[in-house]
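A short write-up of the structure that comes next.
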C-alpha cells in the first residue's frame, strides 16, 4: 500500500498550524527538562530587571557627582554617591552570576531536549511503514527533520525566553521614559519596525531556499560519503573516480554557496537601511532632550538617564522584534520536524488482535495477492496464490525481479497487499498483532546486516532474551557454521566486528553471512525464511550448510528464496516464479520430468558443469 504523499508536504502558510507546532515544542521541552526549565524561567525574569535597575541608578549617580563637585568632597556628600556605586557594582556582579547560571542551565536543557527529540525521531524511523523508504520525499523529509532536531527547539525556547526577558525590561524602560514624553515609547517602536520587517522577510526567503535545496544538499552529503567511506573506496581508486566526484561536489557546493551568499547580501543591504532609520529617530530624540536641558527643564542626570533609557529601549525593542522574527523563523523550520513525527503509520495492530498460533498446523497461504511497490507502476505480484504446508521445507526459485523477496516482505508484514489475503493457519496477517506475527518468523536477509558490535552481540540481536546466555549463542553459531569464524578471532565472541571503532575486526562477506545465519537460528521461530542464504558460499560449503539447515529446520516451516538450483533441489517442494506468479510447482524430480523453465535452467547448469572442473550453481534464466 502506498504512503499518503500529502503528509509529507508542510503547510507552511497556516499560522494556526505553526502555532500548534510551537506549543508542542514547549511541551517537549517541559517533558524533557521540567526542573531546568523552571529554574531557567525564574532566572530570566530576574535578569530582565537588571538593566532597568542600572538605568534607574544612573540619575542619582550623575546628580550626586554633580552635587559633590559643587559642595566639595565631604563624607556627607560622598556617601550617597558611594552607596549608589556599590549598588551598581552589586547589580553588575549579580548580572554576571546570572549569565553563568543561565549558560549552565541552557547546556543541561540543550542536552536533555536534543536527546529526547532525537529519541522521538529514532522511534518514528523504526516504526514508520517500510513503504516510506521507497520514496525520495521521505529521505528529504528525514534529512530536514534531523537537521531541525539538533537546534530549532532550543532556539525557539531561547528566542521565547529572550522575548519575555526583553519585554519585562522594555516595559520598565518605557515606565522610565514616559515622564519625559508619552510619545517616546511609540517612537521606539517606529524606529525598529524596519528591522523587524527585514527579519521576517529574510527568514521567509531563507527557509524557502533551504527547503527548495534539500535534495541538492543531500546529494552533496552523498558525494562526500562516496569519497570517504570504505564501501566505495575500491572502485573510486580502480576506476579513477576521485576527480569526478570531487568536481561534482565542488560544483554543487559552489552553486549552493553562491545562492546563500546572494541571500545574505540582500539581507545585509536591507539591514543597513533599517539601521539608518533607527539612527535618525535616535538622533532626533536625543537632540530634543538636549534642547530641553538648554531650556532648564532637565538636569545633567536627566540627560544621562534619558540617553541610557532610550538607547537601551531602542536596542530592546529591536531585540524584541528580532525575537518575534526568530520565533517565526523557527516555527517555519519546526514544521519539518513535526510533520515527520506525524507521519501516519499504516501497518498497525488491529483493534482486537487474534492470538497467534503457538505451533503451525496448516501452514501459510497466499490467496490472490496483488502488490506493487510505492512509487512504481510495475506489479511485483499479480493475483498470486500459493500454499506452504506446515513443517515442510519449500524453495521459491526464479530469476531476479520475479517477486521472490516480495513474498518475504509481505509475510513479515512490512507491506500490505493491494488485494488478496495472506494467512497463517487460516488467520489473516492483518488480524494478528505485529509483535506476535514477527516473533513467529526468523529471517536471514539476502544482504547480511553487519552490526558494529561484538560477535556475541551480533548473534544475540536475533533474540535479546538470550543476550547473556553465551552457551546458547555459541550453539547457534555452531549450527550456522559461524563458530569456526568467531573462535579464532583475537577475543573470540567478545571481538568487536567491523571497522567503525578501534580494535574492530572486519569479516568477509561469506563470514558475515554465517554470523547473520547464527542470528537467525538463535530466534527459534516457527517459520524460517532464508533469502539467498548461500550467495557467498562455494558449492562444497553450500552442501555442508544445507545438511545442517535440514537438521535445524526439522519440524518447522522453512522457506528458502534462491536462484541456485543446487539448493532448491534439496527442498520438499519447489515453486518457480516468473513475473510475479507461480508458473511451476513440484519436487526436483517432478520438475525435471516436465518441459519448463526449471528443467531448462537445470540443463543449462549441467552443460556448464560438464565444461568446468568445479560445479557451480547456475541462476534461473529468463527465457
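Quick reminder: no glycine exception, Cβ is built from N, Cα and C everywhere.
Features as listed in TrEMBL:
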DOMAIN    42-329  domain 'ABC transmembrane type-1'
DOMAIN    364-604  domain 'ABC transporter'
TRANSMEM  81-105  transmembrane segment
TRANSMEM  154-177  transmembrane segment
TRANSMEM  183-200  transmembrane segment
TRANSMEM  272-291  transmembrane segment
| Among 81-105, 154-177, 183-200, which stretch has the most Cβ pairs under 8 Å to the transmembrane segment (272-291)? | 183-200
| Beyond the flanks of the transmembrane segment (154-177) by at least 6 residues, Cβ under 8 Å | 22, 25-26, 29, 37, 40-41, 44-45, 47-49, 51-52, 55-56, 106, 109-110, 113-114, 184-185, 188, 305-306, 309-310, 312-313, 316-317, 319-320, 323-324, 326-327, 330-331, 334
| Segment confidence, the domain 'ABC transporter' (364-604), expressed as mean pLDDT | 87
